[in-house]
């Protein structure tokens, strides 16, 4: 089994080799798989990040959710509490960059509590068959999900999926891992 840092390096290399066209094409296939999932169809409030270029594209997912009348909530890092707060996003104009990540501007968005979120789409660099993940190293989602009772999912290109990953006691698996080859 590879160590976490080896997995992170491998996945980052795979992302860097993708052309923007390949990323879009794979993303479209993955999005179609997501939209077929029962948890997506039933969700009224969906939590998702606004992805960077080293992740599965999420802007089409956000736009699809809006068209379907779903409420989209996006995270803002609460560094002083080492956790996440989620805010309802109704326009991309409600975002600002914070340490290289698009985050909601709290004064322009309504905060939504975890009890009201139907599904959290959890970001990560790598995932295994059991739903465990290697994230970006901050532990924010593990802390957030500790008391979250709703559904969780992850979006992963096939090169991000591994048979098993190294785990730690605080790691929380997601319920569903959706790939472009699901």
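Backbone N, Cα and C define each Cβ position, glycine as well.
TrEMBL annotations: computationally assigned, not manually curated.
The annotation ATP binding site is assigned in TrEMBL to 4, 5, 6, 7, 8, 133, 134, 135, 136, 137, 138, 139, 140, 141. According to TrEMBL, the feature substrate binding site maps to 50, 55.
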Inter-residue C-alpha distance, residue 138 (ATP binding site) and residue 55 (substrate binding site) (nearest angstrom): 16
Cβ-Cβ distance under 8 Å to residue 8 (ATP binding site), same chain, at least six residues away: 125, 126, 134, 137
Sparsest-packed of the listed binding-site residues (50, 134) - C-beta count within 10 angstroms: 50
Inter-residue C-alpha distance, residue 4 (ATP binding site) and residue 50 (substrate binding site) (nearest angstrom): 24
Rounded distance in angstrom between the Cα atoms of residue 6 (ATP binding site) and residue 55 (substrate binding site): 17
Rounded Cα separation (Å) that holds between residue 50 (substrate binding site) and residue 140 (ATP binding site): 16
For the binding-site residues 136, 140, the one whose C-beta sees the most other C-beta atoms within 10 angstroms: 140
